[in-house]
Amino acid sequence: MALQSLDIKRRSATTTPSPQARETLEVAKLIDVSACIGCKACQAACMEWNDIREEVGTNVGVYDNPNDLTAHQWTVMRFDEVETDDGGLEWLIRKDGCMHCEDPGCLKACPSPGAIIQYSNGIVDFHEENCIGCGYCITGCPFNVPRISKQDGKAYKCTLCSDRVAVGQAPACAKVCPTGAIQFGSKEKMKEYAETRITDLKERGYDNAGLYDPAGVGGTHVMYVLHHADKPALYHNLPKDPTISPTVSLWKGITKPLAMAALGAAALGSLFHYVMKGPNEVSKELEDEMEREDERLRALEKENAK
Amino acid sequence: MIRNPRDIQRYNASERANHWVVGICFILLALSGLAFFHPAFFPLTQLFGSPTWTRILHPYIGVVMAVFFLIMTLRFARLNYIAQRDIEWLKRVGEMVNGDDHNMPEQGKYNGGQKMLFWGLVLGMSLITITGVLMWRSWVTVPVGVIRVASVVHAAAAVFMIGLIIMHVYAAIWTKGTIRAMLYGTVTRAWAKQHHRAWYRQVTGDKR
Ligand code: HEM
Ligand code: SF4
Ligand code: SF4
Ligand code: SF4
């Protein structure tokens, strides 16, 4: 979704700085997992606002519906039944989707200039008109979020409703949540609000309640309040310490300019070798030898023809 | 074209065609691949119609190249077995690069450098083909960890091979009278005797 009016902080496959003189407020969406009842109103609101519909699929025995993110389903409620230490049962429901990383692996991996951009308010957005459909963003994302559409071969994901945020509206999913489990505002405010929720949870016996704002990706602009922040994996394998994979950093890091310099040196080195050492020609001596042989044979032929 | 009937045939028409199919595919793959490799090369996508077309076409060209390279490998592998004299030659490659090939040990159809290039390309092509297929999201789905490693190896193999090919092309330009071997198949006797004396003796029966 393109919305050029927002200030751009970073742009995929671009080696010079993006316009960033203007500072805008950093925003964040806070998902309070402990207050979510799994009604999927947010999922429905996302489909409504963005006008996207996934085809009706098949039930695989869980409440997740559809059972994965798709190019037409940018958020999915993940349901996990977890046995507690004292033999009880907990039903953990996490709203899955793009985390809007401060250091986005998708943007780092994308080879197409301007297909992925990060606004100065922190939202990471795909500009599908520039997308070539290579899927590098999926390779780079630590949260397995982007999906390539079977229809048009472009990558899609949650936009954090950049179009709504640009005009001062909260994301559709936040607006519609009946329990207030999805909050939206400045990142600062959201962290403050999360603190009050965490204090409350701790008072109610969730000693490990905490905020999920992983530092490994520079923090995220979608954060969770978790009752078990020490074990994020309980929530449908939410990574404990997500970072851009070292393999991706190696692939997209300093190795690229170094490799280009090496190839440039090989090409230039060849040219200068030619200029300084001259071509490797057949020696005059050998050429004359063959010439004499040619002439001898020609003379012999004439002799025979007589 | 027969300039001198005593010229020596080095490649037949089918071998030459095979080589050029691989060569053309390689150039197209290098240009399209480099476009994704670094933003500085992204404008190369315009050579292929559009950025998206470049992404679509690259792997298909890759498959064509892989098939023809395999055929070429089967054709030339035996001629590229490394022998003692190749090792001698490689040890003294510095003299050659310095432009003085007078004392180089005599060579068969291929010298040690050419053989190293051949095996280097066999290695590179194997790696790049396997990893390229693993990265091909239109047809292949593998775990993301595998794709990440494949992406690094694919890019590294590409740089390795483009480097080898720069050397390969330069060696052909540097050594006068070589390019015609791949264009119309023949080399002069003097060329053969100077650069590949053992092969020259073998094909001409000339004992000197
Ligand atoms: C069977 C052979 C090959 C296959 C199947 C293949 C496939 C791929 C695929 C799927 C991609 C990702 C972009 C896309 O979807 O188009 C890619 C990228 C690339 N390919 Fe290939 N390829 C092959 C051979 C080659 C060769 C011979 C070269 C170099 C001469 C090459 C150089 C590259 C480069 C430089 C990239 C970009 C890597 C990066 O982003 O860092 N490929 N290839
Ligand atoms: S979660 Fe994935 S897709 Fe979303 S910003 Fe982070 S890296 Fe990009
Ligand atoms: S699929 Fe599109 S958005 Fe994703 S990395 Fe490729 S060009 Fe960028
Ligand atoms: S922020 Fe907007 S796009 Fe993202 S999940 Fe919510 S409604 Fe969907």
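Positions of Cβ are set from backbone N, Cα and C atoms, glycine also.
TrEMBL labels come from automatic prediction, so no person has curated them.
Positions annotated as region 'Disordered' by TrEMBL: A:1-20 (among others).
The annotation domain '4Fe-4S ferredoxin-type' is assigned in TrEMBL to A:27-57 (among others). Assigned with DSSP, the residues of the domain '4Fe-4S ferredoxin-type' (A:27-57) fall into helix, strand and coil as follows: 13 helix, 6 strand, 12 coil.
Per TrEMBL, the feature [4Fe-4S] cluster 1 binding site maps to A:CYS36, A:CYS39, A:CYS42, A:CYS177. All protein chains shown were included, and the count of other CB atoms within 10 Å of the CB of A:CYS177 ([4Fe-4S] cluster 1 binding site) stands at 24. Taken residue by residue with DSSP, A:CYS177 ([4Fe-4S] cluster 1 binding site) is part of neither helix nor strand, so it is coil.
If you take the C-beta of A:CYS173 ([4Fe-4S] cluster 2 binding site) and look for same-chain residues 6 or more apart in sequence within under 8 angstroms, you find A:LYS29, A:CYS42, A:GLN43, A:ALA45, A:CYS46, A:THR75, A:LYS95, A:CYS161, A:ILE182. Per TrEMBL, [4Fe-4S] cluster 2 binding site is recorded for A:CYS46, A:CYS158, A:CYS161, A:CYS173.
The domain '4Fe-4S ferredoxin-type' feature in TrEMBL is assigned to A:89-121 (among others). DSSP places the residues of the domain '4Fe-4S ferredoxin-type' (A:89-121) in helix, strand and coil in these numbers: 5 helix, 13 strand, 15 coil.
Under the heading [4Fe-4S] cluster 3 binding site, TrEMBL lists A:CYS98, A:CYS101, A:CYS106, A:CYS141. The local packing around A:CYS106 ([4Fe-4S] cluster 3 binding site), expressed as other Cβ atoms within 10 Å of its Cβ over all shown chains, amounts to 27.
Residue environment of A:CYS134 ([4Fe-4S] cluster 4 binding site) contains 26 other Cβ atoms, counted within 10 Å of its Cβ in all protein chains. As annotated by TrEMBL, [4Fe-4S] cluster 4 binding site applies to A:CYS110, A:CYS131, A:CYS134, A:CYS137.
Residues of the same chain lying 6 or more positions beyond the ends of the domain '4Fe-4S ferredoxin-type' (A:122-151) and with a Cβ under 8 Å from any Cβ of it are 1-3, 6, 26-28, 69-72, 97-102, 104-116, 157-160, 162, 165, 187, 216-217, 221, 239, 242-245, 248, 252. Sequence annotations record features per position, and here TrEMBL assigns domain '4Fe-4S ferredoxin-type' to A:122-151 (among others).
When Cβ-Cβ distances below 8 Å are used as the criterion, the region 'Disordered' (A:283-306) is approached by no residue of the same chain that is at least six residues removed from its ends. Among the features that TrEMBL reports, region 'Disordered' is placed at A:283-306 (among others).
The compositional bias 'Basic and acidic residues' annotation in TrEMBL covers A:293-306. Secondary structure by DSSP for the compositional bias 'Basic and acidic residues' (A:293-306): 13 helix, 0 strand, 1 coil.
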Residues close to [4Fe-4S] cluster 2 site centre defined by A:CYS46, A:CYS158, A:CYS161, A:CYS173, Cβ within 8 Å: A:CYS42, A:ALA45, A:TRP49, A:ASN50, A:TRP74, A:THR75, A:GLY97, A:THR159, A:LEU160, A:PRO171, A:ALA172, A:ALA174
Near A:CYS98 ([4Fe-4S] cluster 3 binding site), how many other Cβ atoms are within 10 Å of its Cβ? 27
Counting Cβ neighbours within 10 Å across all chains shown, tell me which of the binding-site residues A:CYS110, A:CYS158 comes out on top. A:CYS110
Candidates A:CYS39, A:CYS134, A:CYS177 (binding-site residues) with Cα within 10 Å of A:CYS106 ([4Fe-4S] cluster 3 binding site): none
Quick one: of A:CYS39, A:CYS42, A:CYS141, which of the binding-site residues has the smallest count of other CB atoms within 10 A? A:CYS39
Minimum Cα separation from A:CYS98 ([4Fe-4S] cluster 3 binding site), reported as the residue among binding-site residues A:CYS39, A:CYS131, A:CYS137, A:CYS158, A:CYS177 that achieves it: A:CYS158
